[in-house]
């Protein structure tokens, strides 16, 4: 029986309040309105962004909410005016929209669509939610809310992909892989023969390693306090790995000693201000580039000596790896299907949605790179 135009009852993982575990609940998902798409979510990754939400009571979020932004699924129905996808299409959800009309979308170097700011309201464009549970409205998250069997997303936050793409794999292209890989390829523009250092070897950092290797870097140094991640990092392209806790000197001094002149391209893939300062200080004084990939706390001010920039170092931000979301994501999926990209090593665990709190523990203890949740 068709569900088009009907309210759908399904399972979702809800955060009822800050610091609480996920609660599996039955929710009601309303039909899509104009320019909206309702999607049957098939697979979604548990990203570091969600881990930061779970680990902080200070983020400016509204509760209760349905998290999740690294998703892939199948279009169930579409609202009035939707023209780029149809029911049955396989799609990837996009936390970063591409409206195609704002100055960032129209600039060849920009990808931070102005419509992203709509996500800060945690509601749809009309100021309402499409989710209810126990008679209570549930807030959206990151334009996507993929920790729900069905979700409603604006058309500009949906990318149609290859009809035979394995959704349990390519969901990583929705955030983690694209963010890290693109930070090396697009933002830093890593050059052949260069030296790179990646601070943080989780899902995003591991993807940075892959991007550095693809760009032709000859020396890729992974930095992490969890030695268990070193084997995987080397498999992905890291030539050396360091644990700062094992060193007798600060990591930036060690990296200078190892390279004589500092690192060409450094990447901070954790979201830690102290690590960012160390990464910047590790860069070659004259032309080194440090790229901020990790999600830094908005409430904390960055304090770095201006002397670090005097000689020529540069610090760059990167969102979604510099990709224009709707334009580039289908191409990345096509590259995966053509075996030009390999996402499989990043996926260390696969669990059902009702095991989401187990996935959280795996992430907290550093036992997984990426856990995929099946819905």
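From the backbone N, Cα and C atoms, a Cβ is placed for every residue, glycine too.
Per Swiss-Prot, NAD(+) is bound by 200, 201, 202, 203, 204, 205, 224, 229, 293, 294, 295; the candidate from 130, 326, 370 named for the same site is 370. Among the candidates 69, 140, the one that Swiss-Prot lists alongside 47, 175 as binding Zn(2+) 1 is 69. With the fewest other C-beta atoms within 10 Å around its C-beta, 99 stands out among the binding-site residues 99, 113, 204, 293. On its own chain, residue 23 (phosphoserine) has 13, 14, 15, 16 as residues at least 6 apart in sequence with a Cβ closer than 8 Å to its own Cβ. Rounded to the nearest whole angstrom, the C-alpha distance between residue 295 (NAD(+) binding site) and residue 47 (Zn(2+) 1 binding site) is 11.
Counting only same-chain residues six or more apart in sequence, the Cβ atoms lying under 8 angstroms from the Cβ of residue 175 (Zn(2+) 1 binding site) belong to 45, 47, 49, 69, 70, 95, 320. Surrounding the centroid of the Cβ atoms of 99, 102, 105, 113, where the record places Zn(2+) 2, the chain contributes additional residues within 8 Å, namely 97, 98, 100, 101, 103, 104, 106, 114, 115, 156.
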